[in-house]
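Notes for the one structure printed next.
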């Protein structure tokens, strides 16, 4: 209801129900007329905007998100979602992205709407989006609620496994009107995944330590997205039994379990810092055997279609004999 | 028969040393199975496993336990001094902005410089602490000692708030990796202690504590009151400056190696005072040993409770210290 309508109704009501009736006010018919008018305003639904076909999908908060077909002004609130929008060939519909989005390179031309996890609501609204894509983890619930209240369709994504990414691809394909692209991408996704799976299936699984933080030591546990990648790539996770996704882990226990391969992220340290840090732990056979690898954090931490590159890299690190040199490994190896 | 202060000090020190040693031993052996201990003691099996157990104990468990003990000793001793000099039961090493300064230093180091070299964060945290205290003390001196205690406390709280705000500003602008590291730093962490850190902290605590202990009588006088103390021939201003600076140095050194671990500096001195009386000649050794035992035990608990994950030690100190302190408060 608009504000002007509300004030009208209020003044009507004041006039009609005030005890002091103005002189020469034949009140009964007027009051009836007024009541009819008020109820007409209240109960007659406002005229609808011109109907347009709606597309609805369910997001990861189990809400129906409906947009008019082929949204043209899309805002992505996570680097992974930005990448997926481009993978689906809908990059031209993006009008807003986070400051963290850096892939593919043309994304940098799109206006940024503030920091990842801390977007600027005003900038989002000013861009008049017809669809906002938001991650669930790391995003304050209030942001999503506010956008939804403003009538902006907001799709919330909480993909944590490869299967969920495939599901996400199909839903985003539907809502963005790029179903055939989504099918193609998902198909490639499945093929590459299957290829890795077949090759690592029958070989022994090395013990992997995947450090997302080194001081203090924070590992990717079995319940994290990275944890599922490790399983998929044919590795056993040192922190498989951790009850939270990214536990601060006990160094003694690491020494006891003695991983074969250590993986660190490039965001965590500059140049060779991480390697040097691990050199202190000569008790670990991974350190003695120079099995420390550094991966691109943007590659493995983002649940986008590029995650297949990460999976193949991991598999090649875990099973050099199986993959040999057939697969180029984009990793810095320790000296 | 009433014992002399000296005899009491000796007795209390010996018994608390016993407690500390037991805590250290328990902490060193927790996480090791009984058979492993037997193997170590008898030396019967000279296999790879015995060697591995030794490595784990010597290169991971011992340094962190020692660092926790040294940090606890430093914080508790500094707490005694701050409570004495400021004559305020709420005073602790963090009240006058030392923790905030240290945090700011660490945050600057982590988010702006990365961690270029091992002790970079420690050095920056130490510099941050010292500059916070310098600022607060400068303000107190600028007022020429008028309302000294209030000036120090107020200026400390304000300087602390200021530094906290700057720290939060940097935190909000930094990436998620740095954020995570900073958060863990703020909650206190011994998990990757090195002997280098232990050595540095131990030297700082030993020197600082000795200086304070040699002046324990003067601290007693300060508590009686500024006027009385100066009538009795004490240079109040100079003595206070000495105490504050040494205690700040102690705290800064501790914070720089362990992060900001709350509650130890507040509660251990009070607990020791309730147990052994307010005489600083007794209190200082008691706080030193009690603080060491308390923080080493807390670190052991933090390490073991959610094994193989770790909890922040600051949470354990508060969760275990608060009920114990309340019990003492009601009982005594």
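Glycine is no exception: its Cβ is also placed from the backbone N, Cα and C atoms.
Keep in mind it's a predicted model, so treat the numbers as computed, not measured.
Sequence-distant contacts of the transmembrane segment (B:6-29) (same chain, at least 6 residues past either end, Cβ-Cβ under 8 Å): 37, 57, 61-62, 65-66, 69, 276, 281-282, 285-286, 289-290, 292-293, 296-297, 299-300. The transmembrane segment annotation in TrEMBL covers B:6-29 (among others).
The transmembrane segment annotation in TrEMBL covers B:65-82 (among others).
Feature annotation from TrEMBL assigns transmembrane segment to B:94-113 (among others).
Under the heading transmembrane segment, TrEMBL lists B:118-140 (among others). Under 8 Å from some Cβ of the transmembrane segment (B:118-140) lie the Cβ atoms of residues 96-106, 108-110, 148, 151-152, 155-156, 159-160, 163, 185, 194, 196-197, 200, 241, 244-245, 248-249, 251-253, 255-257, all in the same chain and six or more residues away from its ends.
Tertiary neighbourhood of the transmembrane segment (B:152-171): same-chain residues 86, 88, 91, 94-97, 99-101, 103-104, 107-108, 111-112, 128, 132, 135-137, 139-140, 179, 182, 244, selected by CB-CB distance under 8 Å and a gap of 6+ residues from either end. The transmembrane segment annotation in TrEMBL covers B:152-171 (among others).
Annotation source TrEMBL lists transmembrane segment at B:192-214 (among others).
The feature transmembrane segment is assigned by TrEMBL to B:242-270 (among others). With a threshold of 8 Å between CB atoms, the same-chain residues lying at least 6 positions outside the transmembrane segment (B:242-270) that come near it are 67-68, 70-72, 74-85, 89-90, 92-94, 96, 98-99, 101-103, 105-106, 121-123, 125-126, 128-130, 133, 137, 152, 184-190, 193, 197, 200-201, 204-205, 208-209, 211-212, 215, 218-219, 222, 283, 287, 290-291, 294-295, 313-314, 317-318, 321-322, 324-325, 328.
Feature annotation from TrEMBL assigns transmembrane segment to B:282-305 (among others).
Using a Cβ-Cβ cut-off under 8 Å and counting only residues 6 or more beyond its ends in the same chain, the transmembrane segment (B:311-330) has close neighbours at 68, 184, 187-190, 259-264, 267-268, 270-271, 274-275, 294-295, 298-299, 301-302, 305. The annotation transmembrane segment is assigned in TrEMBL to B:311-330 (among others).
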Subject >> Residue numbers, six or more beyond the limits of the transmembrane segment (B:192-214), whose CB comes under 8 Å of its CB atoms >> reply: 63-64, 66-68, 70-71, 73-74, 77-78, 80-81, 118-119, 122, 242-243, 246-247, 249-250, 253-254, 257-258, 281, 284-285, 288
